[in-house]
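J.: Feature list, courtesy of Swiss-Prot:
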- 21-41: transmembrane segment (TRANSMEM)
- 59-79: transmembrane segment (TRANSMEM)
- 86-106: transmembrane segment (TRANSMEM)
- 115-137: transmembrane segment (TRANSMEM)
- 150-170: transmembrane segment (TRANSMEM)
- 181-201: transmembrane segment (TRANSMEM)
- 228-248: transmembrane segment (TRANSMEM)
- 264-284: transmembrane segment (TRANSMEM)
- 299-319: transmembrane segment (TRANSMEM)
- 327-347: transmembrane segment (TRANSMEM)
- 361-381: transmembrane segment (TRANSMEM)
- 397-417: transmembrane segment (TRANSMEM)
Amino acid sequence: MSAPQAAIDTDHADRHGPRRAWAAVGVLALVGTLNYVDRFLPSVLAEPIKHDLELSDTAIGVINGFGFLIVYAVMGIAVARVADRGAFGAVVAGCLTLWGTMTMLGGAVQSGFQLALTRVGVAIGEAGSTPAAHAYVARNFVPQRRSAPLAVITIAIPLASTASLLGGGLLAQSLGWRTAFVIMGAVSVVLAPLVLLVVGVRQSLPAAPAVVDKTAGGWWNLLRKPSFLIVVAGTAFISAAGYSLTTFSPAFLMRTRGMSLGEVGVEYGLATGAIGVLGLLIVGRLADRLAERDPRWLLWIVVTLTLVLLPASVLAFVVEDRMLCVLFLALSYAIGTSYLAPSIAAIQRLVLPEQRATASAMFLFFNAVFGSVGPFVVGMLSDSLTDDLGAQALGRALLLLVAAMQLVGAICYWLASARYRRDIIEEAR
């Protein structure tokens, strides 16, 4: 490692101590869980919302997928610029308050258009929280130890899936989907003061070493790095599959396996939570260990994970047994959560400290923009097949698209690894 590179990687003289840093990671994981709970609610409650507001599968796909994620992607970069000044806690707390408030307002909507407007507000609020959390980790953990805390934060996704399916599903079944929105949103608003207390309002950033040319690690320069562009292509396909599963799996189980909303919440919610958390912890820890030998393992581990679990993405829509179907869906869903921690850790090594939140936001921008196409296409294909296949149309659409998108994503990650090491070395030039 050259001197300039060492200067970039050891910018932690003013970092939080291990106890506080891990406590903050725990709080950020809780925030992330609420982030995804509020994001997943319309998907979990898609069936009652669809019937109450008289929406089509295409409309559900646009509101929960394309429309939400486009706003999320664009605003993420804008808010991340504030976080890059060290205002990690302030950004997260402000975003938390906004999206919680907008989720509560979602319980009062009377049309699909009004629901879409509240989801725009949720998207704006959630946009800045994740990049700020990633930047906090990069600021307070050395490069070889970032995948584990990032994995803990990313555990929010399967935990949120379980919480939204269990909590949201059971609340909706007993009190109605509108009440579920109000209660879940209120929990987010209440948590904001804890973020300011543990994470802090802002944290000072190190001065960039004089020997380093800032343009070499600038976030704009990511667009000229082959490894970043190919990883972006890979995450586009993997996230498209993941968002499709998130949006339509509950509806698929209810339509084709005869499950009630409460049963989906308990069985599918617990399965995705348990498998997702286990997968993230294993992948995050393993990625850190392997990356010490070769940083390309941050990408290779995504390839390995996807190929090992890929058969589940086919079997989930073929097997008739209800429990096997739930198990395979949860395994397929785990691809779309476990790959994030090593991917983000890889991206963080391509930029300077003051550009990390923006780099993370750029990654999530492409993840969201291209990933949002998945639910939209699945919804349209399902609607087009309904006349011929009836209730089986949604399952057929998912069968045709999910595994194919995941496979293409794995191929992209493999191709990106060929250039990744060189792109890191360029930071020292």
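The backbone N, Cα and C atoms fix where each Cβ goes, and this holds for glycine too.
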J.: Which stretch, 21-41, 228-248, 397-417, tops the Cβ pairs under 8 Å count with the transmembrane segment (299-319)?
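T.: The stretch with the most contacts is 397-417.
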J.: Using a threshold of three or more Cβ pairs below 8 Å, and leaving out pairs closer than 6 in sequence, do the transmembrane segment (397-417) and the transmembrane segment (181-201) count as in contact?
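T.: Result for the transmembrane segment (181-201) with the transmembrane segment (397-417) is no.
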J.: For the transmembrane segment (327-347), which recorded stretch in the set 21-41, 228-248, 361-381, 397-417 gives the largest number of Cβ pairs separated by under 8 Å?
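T.: It is 228-248 that shares the most Cβ pairs under 8 Å with the transmembrane segment (327-347).
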J.: Could you pull out which residues elsewhere in the chain have a CB under 8 Å from any CB of the transmembrane segment (86-106), counting only those six or more residues past its ends?
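T.: Hits for the transmembrane segment (86-106): 28, 31, 34-35, 38, 41-42, 79, 115, 118-119, 121-122, 124-129, 132-133, 135-136, 139, 181-182, 184-189, 191-193, 195-196, 198-205, 357.
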J.: Against which stretches of its own chain does the transmembrane segment (21-41) lie, if we need a Cβ under 8 Å and a gap of at least six residues from its ends?
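T.: Cβ under 8 Å, 6 or more out: 15, 68, 92, 96, 99-100, 103, 106, 122, 126, 129-130, 133, 136-137, 140-141, 149, 152-157, 159-161, 163-165, 167-168, 180-181, 184-185, 187-188, 191, 194-195, 198-200, 246.
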